[in-house]
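Listed in Swiss-Prot for this protein:
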DISULFID  Cys7-Cys29  disulfide bond
DISULFID  Cys11-Cys25  disulfide bond
Amino acid sequence: NTDPEQCKVMCYAQRHSSPELLRRCLDNCEKEHD
C-alpha cells in the first residue's frame, strides 16, 4: 500500500503529456488514500 506522497512521486515520474493528465493522476492519489 503506497502512501499519497509516494503515489504523487510516481505521477511526476510518468511525465504526463499534459498538465491535466498529471492533475488527474494526483487527484487519484488523494482519493485512493482517503
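Glycine is no exception: its Cβ is also placed from the backbone N, Cα and C atoms.
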Return the single residue from the disulfide-bonded residues list (Cys25, Cys29) that has the minimum number of other CB atoms within 10 Å.
Cys25
What whole-number Å value do you get for the CA-CA distance of Cys25 (disulfide bond) and Cys7 (disulfide bond)?
9
C-alpha spacing of Cys29 (disulfide bond) relative to Cys11 (disulfide bond), in angstrom:
9
